[in-house]
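In what follows, a single structure is set out as structure tokens and then discussed.
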Amino acid sequence: MSDITVTNWAGNITYTAKELLRPHSLDALRALVADSARVRVLGSGHSFNEIAEPGDGGVLLSLAGLPSVVDVDTAARTVRVGGGVRYAELARVVHARGLALPNMASLPHISVAGSVATGTHGSGVGNGSLASVVREVELVTADGSTVVIARGDERFGGAVTSLGALGVVTSLTLDLEPAYEMEQHVFTELPLAGLDPATFETVMAAAYSVSLFTDWRAPGFRQVWLKRRTDRPLDGFPYAAPAAEKMHPVPGMPAVNCTEQFGVPGPWHERLPHFRAEFTPSSGAELQSEYLMPREHALAALHAMDAIRETLAPVLQTCEIRTVAADAQWLSPAYGRDTVAAHFTWVEDTAAVLPVVRRLEEALVPFAARPHWGKVFTVPAGELRALYPRLADFGALAGALDPAGKFTNAFVRGVLAG
């Protein structure tokens, strides 16, 4: 049988596998895992590197054929969600039961399991990564057996943001809170020169979730997106002018795809993402990178980016600045430190983008910038150990749960070799 190929959402990566398996029951999944020599799980495909490449004659496993599980416990304010469920579906079910997630990423079309496995996040000085609300992980391990790791287990710090290296995540249990409404306000032209460390903190704390956007063609930020919970005050925003029309983070792109703006109230899950769930992206003419740094270095890091903006701008569609509260997941880019995140949406030209990524990484070295695991980066494996102080502990956990390395690949081995 010849190998099959699968491309990611952006089309910049082609995964090669012996087979693409789509089990329709947990029993079938357990049998397939036990019978396969090497396994990687294919989520929603919104990664931009080879994290899902099985290699070595391995198989790709899709959870899309499994029954969709979203079991809400309203009394406990928790939800058990299946490994193949995406945030848009989860949010609709949870909201219908009068509950909510505390945060979401910019795109609601991504899978829950894949998002928390790579440290994906939204924004907000008080909001942790998406993994921070996980209270329990259910895994199918290398021999096909099920292992449950819950908050309080000494292994839990390595079990959620795990890069798919421990087993197949078949379900996650998440903490919820009462449903709330939000409104979104967009402002334009926030000068970098007007920001000192205290003002930057004030800007990023001006609402429940704040994002700054720039194309680095000039100093400063072209757009500021404030997402306010209606049960919390917004005392004005004197640092930039209100937008005169609905905006898209990427100049020239249709704003109809974005969530409601101009302060129109709506459910949390229709305001926290930047993009509407009804808008289903079929492919993305883009590459993405992201680097997360201690928040106390935010302004210095922004000036370091501004110093190389003539290098960045020609291959950049937009750059988004967000904040993430510290969390306790060993491989989370926000592990142990309140964080500022700089996300880059590049043009779809790998040859042109990679040299710029390397130059950017050089500029951010003084700020201990951790790369997002699911995006384009070139940080050498040898530098990751200094960036992730619990990397050796994670390697020991992976070795204990998967001693033969069934769930590893070249990407994971490179990380663990750090």
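Glycine too: its Cβ is placed from the backbone N, Cα and C atoms.
Quantities reported herein were computed from a predicted structural model and do not represent experimental measurements.
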Among His46, His185, His274, residue that the record in Swiss-Prot marks as pros-8alpha-FAD histidine: His46
Cβ atoms near His46 (pros-8alpha-FAD histidine) (within 10 Å, other residues, all chains): 22
Packing count at Thr345 (D-sorbitol binding site) (other Cβ atoms within 10 Å of its Cβ): 20
Rounded Cα-Cα span from Thr120 (FAD binding site) to Glu320 (D-sorbitol binding site), Å: 14
For the domain 'FAD-binding PCMH-type' (13-179), mean pLDDT (0 to 100): 96
Greatest inter-residue Cα distance in Å for the xylitol-binding set Ser106, Glu320, Arg322, Thr345, Lys375: 16
Spatial neighbours of Thr120 (FAD binding site) that are distant in sequence (at least 6 apart) but have CB under 8 A: Ala105, Ile110, Gly114, Ser129, Leu130, His372, Gly374
C-beta crowding around Arg322 (FAD binding site), within 10 angstroms: 25
